[in-house]
Amino acid sequence: MNASRFIFLIGVLSVELIQISIASVVSAGDFNRDFFVTWSPSHVNTSADGRARSLKLDPDSGSAFASNDMFLFGQFDMQIKLIPGNSAGAVVAFYLSSNQPNRDELDFEFLGNADGGQQQPYILQTNVYVDGFDDREERIKLWFDPTKDFHTYTILWNIHQIVFMVDWVPIRTFRNHADKGVAFPRWQPMALQASIWDGSSWATGGGKDKIDWSRGPFVASFQNHKIDACIWKGSAGFCTAESPTNWWNQGGSNSLTSAQRRLFRWVRKYYVIYDYCQDRPRFKNNLPKECSLPKY
């Protein structure tokens, strides 16, 4: 796909997203109002206006924050700038989780980089937990340097599908095939969370590239979050309804648009480096059922 075609498709997507995003906004960017610190307040720094926040990792501790509310379906955007330089072993996560023993969870995990992105691209892993079971990892190499500037990472979660997006480009889908026996997160409300932590045992180079603490502290930056979602009030009925307020459940969001499909295929062709649905040895040639079902 040439650059002009890519820019055109992004423009089409932007118009589509503007048209649907004005319907309902729960939050538009105040970290102090929307989140609380769940791990190591001394390692969390928030701007005076509440519009930006950073998380720090050093030998003493990582850090994390989570939303005050729980949600059942919606769209969640966060602009993130990743750790510059050698960040091997340092994992930055942006995710939804029900925080239960049999949890549902939707993960963005950035797996660190041993050379600061000079030769090796930054690896982004996504994962889907349903009822406590995961084994659904996918990894892509990013087509830009995520440490130079902020980029938008989005999770769209509705009754039809889950879509992970990077700068509005869909990089992964997980459809609701519950009617075909595939578990789908649809009953447990989830909190929006972010964290930074030491993943030296597995994250970078399969655990071969460890954290070099002499290069720390390691800092990831967050800004301009937007939560457009159904706040959990104790009943799933309101959040599963296809009402104007719940725009994410309506027909226009039940699958990828034609522009999104072209971009999705572009990512899958050029940037996917691991897909659990292609890993037959791992599953002893008995791939999960969703692997043979439509992606959109």
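Yeah, the Cβs are placed from backbone N, Cα and C, and that goes for glycine too.
Feature annotation from TrEMBL assigns active site, nucleophile to E105.
Here E109 (active site, proton donor) comes close to V91, V92, A93, Y95, L124, Q125, T126, N127, A203: these same-chain residues lie at least six apart in sequence, with C-beta atoms under 8 angstroms from its C-beta. Sequence annotations record features per position, and here TrEMBL assigns active site, proton donor to E109.
The domain 'GH16' annotation in TrEMBL covers 19-222.
The signal peptide annotation in TrEMBL covers 1-23.
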Using a 10 Å radius on the Cβ of E105 (active site, nucleophile), the other Cβ atoms enclosed count 20
